[in-house]
Amino acid sequence: MKFFAVLTLCIIGAIAHPLTSDEANLVKSSWNQVKHNEVDILAAVFKAYPDIQAKFPQFAGKDLDSIKTSGQFATHATRIVSFLSELIALSGNEANLSAVYGLVKKLGVDHKNRGITQGQFNEFKTALISYLSSHVSWGDNVAAAWEHALENTYTVAFEVIPA
């Protein structure tokens, strides 16, 4: 029992301010508008930040227009978007905090092992927000909900990724 209490405190400490149900609903409803645009989302990230594309050995040094129509690109884009979809589906319910924490912690460890920096995570965030703001119903409330969601996510991921 003490283990679960400690785990809960660690999670709450890492995600000190979980999304409210209203924020989670805003994130979910906006995400539902684009979650099937996997290739477009990843292409937007790579176009805005070629240094991120360079971190993917299968895409490094290749012309974005030529790779974004490949099956390999679609498969990888789907992996990324599916991960985000899973996190978003779990958001807004405090009972899911430990699951979210575990997924994001693993994301941080995996990306640290690949040499991904906090700066590149922040570039991804900027590109994702830019894509979302031009492809979904967007207002200050949606922007604030996404900022809160990504801040929570990055707080956990950055526990293992050096500054």
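In case you wondered, yes, glycine gets a Cβ from its N, Cα and C as well.
The shown structure was predicted, so the numbers you read here are calculated from the model rather than taken from an experiment.
If you check Swiss-Prot, you get these features:
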BINDING   HIS76, HIS111  heme b binding site
DOMAIN    18-163  domain 'Globin'
SIGNAL    1-16  signal peptide
Structural state census, the domain 'Globin' (18-163) (DSSP three-state): 107 helix, 0 strand, 39 coil
For the domain 'Globin' (18-163), mean pLDDT (0 to 100): 96
